[in-house]
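The next block holds one structure in the form of structure tokens; read it before the comments.
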Amino acid sequence: MRTLWIMAVLQVGVEGHLMQFETLIMKVAGRSGVWYYGSYGCFCGAGGQGRPQDASDRCCFVHDCCYGKVNGCDPKKDFYTYSEENGAIVCGGDDPCKKEICECDKDAAICFRDNKDTYDNKYWFFPAKNCQEESEPC
């Protein structure tokens with residue numbers, strides 16, 4: 001499943017908000033979301049189950065929970081509006097639902113930046129069979 005997400009993002013002409021998320025991660029965390037988080041731990045990438053393996057994986061868990069609370073638009077496809085002001089990402093636009101998506105993505109990008117030191121290559125392409133513990137609630 002995670003591989004499908006990576007492939008979807010890497011295809012030429014990809015549209016929708018996943019590319020915006022990648023851009024935010026690059027701007028805020030200074031690294032590629034697709035490369036570093038496209039298939040990391042139990043929650044980064046498509047799907048998610050079990051318990052987060054470290055703080056970086058927890059960023060993805062919280063992001064998944066945030067998306068789960070968005071109603072009225074599609075977090076994986078809809079474009080949102082944001083700007084940069086004094087080095088900070090500011091979510092904008094008239095659509096409150098799309099603004100929520102932006103806030104979810106912004107918070108995840110900040111989380112990735114703040115937890116770079118927890119990133120552990122042993123969780124890159126982590127086997128789903130190691131993510132069988134009961135998930136905690138959002």
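Cβ atoms are placed via backbone N, Cα and C, with glycine included.
Keep in mind the model is a prediction, meaning the values are calculated, not measured.
Asp64 is the residue from Asp64, Asp74 that Swiss-Prot records in the Ca(2+) site together with Phe43, Gly45, Gly47. Rounded to a whole value, the Cα-Cα separation of Cys102 (disulfide bond) and Cys66 (disulfide bond) is 10 Å. The closest partner of Cys111 (disulfide bond) among the disulfide-bonded residues, by CA position, is Cys44; the full candidate set was Cys42, Cys44, Cys131, Cys138. Distance noted between the C-alpha atoms of Gly47 (Ca(2+) binding site) and Cys60 (disulfide bond) is 10 Å. Between the CA atoms of Cys65 (disulfide bond) and Asp105 (active site) there is a gap of 12 Å.
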